[in-house]
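Student: Below is the structure I would like to discuss, written out as structure tokens.
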Amino acid sequence: MRSFKGLFLVLGLASVALAQKAMVTNESPQFCTGMYSKQDWGGNIEPYIKVDLEYFLTKDENGNSSISIVIFEYSDIDGLGVQVSETSKHYVCSEELVAKGLCDSSELYQFIVNKNVTTKAEVLSTVLTTYGDNGLQYKIARTGYYCVACLSPQDFGSSKNTFKVLVNFQNAFGSLPAADIPKLPLYGLLSIVYAVCLCVYLFQVFKHRSELLLLQKYLAGFFVFLTVESIFTWSLFDVQNNNRKYPLPGAISFYVFFVSLLSSFKTSFSLFLLLIIALGYGVVYPKLNKKLMLKVKILAGCHFIFGVGFITYSYLSTQSQPNSGATGEDSSAGAGSWLVLLTAIPYAFTLVAFYFLILSSLSKTVKLLAENKQIVKLKMYQKLFRLIFASLLLLIFAFVISIILVFNDSLTDSIEKFWKFNNVLTDFWPSCLYFMVFIGIAIIWRPTDTSYLLALSDQVPSNVIDEESSEQPPVVSGDPSQFGNEFEFDDLDSLESAGLGRSSVNPFDDSNRYDSAKVKKPTPTEDEFDFPQDDAIEFDLEREQQKIEQASITSPPPGYRELEGSSFALEDELENDDEEEEAHKTASKSKKE
């Protein structure tokens, strides 16, 4: 009894209520939870606390057979007990204390309430003597952190009676604990945001349906799964809040297990996908080493198994009613703590291992891409690295804020403030971070008009490039394959100027046209006409030379007017040849189209 207050201070945060109903036993004699008043949160009923004595067993029928119980707001804990000495404080009135005048005989076996201390809420202290609720009901007039403590000593010695008291913390809004009720609207809002973002993403997928990469299809399918999973999670809180049955019905228990499977699969598959992408699977390397892939699968499988156990236990601990123990058997206070450790520690270990491997693999992949000058893929991986690193910093930031809020004030004040948003920081905030990371990945690999060009980009080792660089042919204008992955997704102008716009060769030229290169060209002294090389019109010089020679044989030397007329005739023939050439090109172009 001397260390009763210390026990409350030590177990104050550990006993934060994760259930609407709690079982208080001789092994676990106190339970605390936050509760909202009807004015602060709203609801259909007045909030209250009720107790129900379900089991009692005494080892000495001639000894004390009562159960002392006290219900109080945690900030009023200093108003309990009486100081016996400088180092000793008693909390339950005994015959010895009555004889010393430290408590009244009417308060015998009850928790002592110091009348000289002004309390913020009512402190109810009484003795349970019969099974049932004993007509005891504590009304909640103000929002606070309320505790129920029981004690049934036998002659106030080392031996204790065995008892079980079911405590019902009934809020005005339903059966969810007050610490969890903020998650009901928050998860509903998150589901709506998921659905809206999914519609936007699916619109882009439909718009570029003929240009999709396989990775983008996977992201779209997983986006649908995440939206459905968030809706199921929100609906689970709604079902729990409206449930009034005890113990938990089998259908709801199965629903809890089903949602835990979805949540665990979401986390494990996301980390598995991130890790193989960070290792370069499908982007840098076609396949990963079989042993490496097997290790990644084993890690993901372990994370999934531990995640199912941890999330299932978390959901079951936040249900409306606790599991009922067998009558006549002592419930161990440490069993729940050990179960938490057995599920939380391996789950946290695999989570940290995934984060470490993802970040280290990303850094190595970024370094490799930088060495090989894969500009576009390098930018994508750099964005992914910054995104994951920022999410990790935000997660650590939330943890640091939680510690500061707890230890900034006194332990009593910290518990009074922290219970309202404890579950929001530890449960909903990671869900928000996950949403932001996934949306960032979806944006990085979003469908665009040029995303199909990713399939044309292959990772080539730098040593192969060095060996083949001296044997490579010169750059051919108009060949986009030679430029590798040097393109920007949304910059079609730069794409055209870098590849397609560089060609000076007409792609629609007739391949069957007369090849003048095979004709013997006249020497510079014989060629009286020097046409520019860029002129698109090609002349049949041999044919014109034959015409000139034939004309010189059959005709006398021309005069001035005759020479002028022959030059006009030559120009007419050249124009006819140009028209024939243009018609031939047009016909060839039509055939190609």
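Using N, Cα and C of the backbone, Cβ positions are placed for all residues, glycine too.
The signal peptide annotation in TrEMBL covers 1-19. If you look up TrEMBL, you'll see 30-171 marked as domain 'PTM1-like N-terminal'. TrEMBL lists 182-451 with the feature domain 'GOST seven transmembrane'. Under the heading transmembrane segment, TrEMBL lists 184-206, 218-237, 257-284, 296-316, 336-363, 384-408, 428-445. Residues or ranges marked as region 'Disordered' by TrEMBL: 498-532, 545-593. The compositional bias 'Acidic residues' annotation in TrEMBL covers 570-581.
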Student: Using Cβ distances below 8 Å and needing 3 or more such pairs, separated by at least 6 in sequence, tell me whether the transmembrane segment (184-206) contacts the transmembrane segment (296-316).
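Tutor: The answer is no, given that the two segments have fewer than 3 Cβ pairs within the 8 Å cut-off.
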Student: Quick one: average pLDDT across the domain 'PTM1-like N-terminal' (30-171), no decimals.
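Tutor: Mean pLDDT for the domain 'PTM1-like N-terminal' (30-171): 86.
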Student: The transmembrane segment (218-237) and the transmembrane segment (428-445): do they have three or more Cβ pairs under 8 Å, with pairs 6 or more apart in sequence?
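Tutor: They are in contact.
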Student: Which stretch from 218-237, 296-316, 336-363 shares the most C-beta pairs under 8 Å with the transmembrane segment (384-408)?
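Tutor: Most Cβ pairs under 8 Å with the transmembrane segment (384-408) come from 336-363.
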Student: Within the same chain, where does the transmembrane segment (336-363) have neighbours whose Cβ lies under 8 angstroms from its own Cβ atoms, ignoring anything closer than 6 residues to its ends? I mean 6 or more beyond.
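Tutor: Non-local partners: 14, 267, 271, 274-275, 278-280, 299, 302-303, 306-307, 309-310, 313, 317, 381, 384-385, 388-389, 392.
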Student: So how many of the residues in the domain 'PTM1-like N-terminal' (30-171) end up helix, strand or coil by DSSP?
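Tutor: Split by secondary structure, the domain 'PTM1-like N-terminal' (30-171) comes out as 18 helix, 59 strand, 65 coil.
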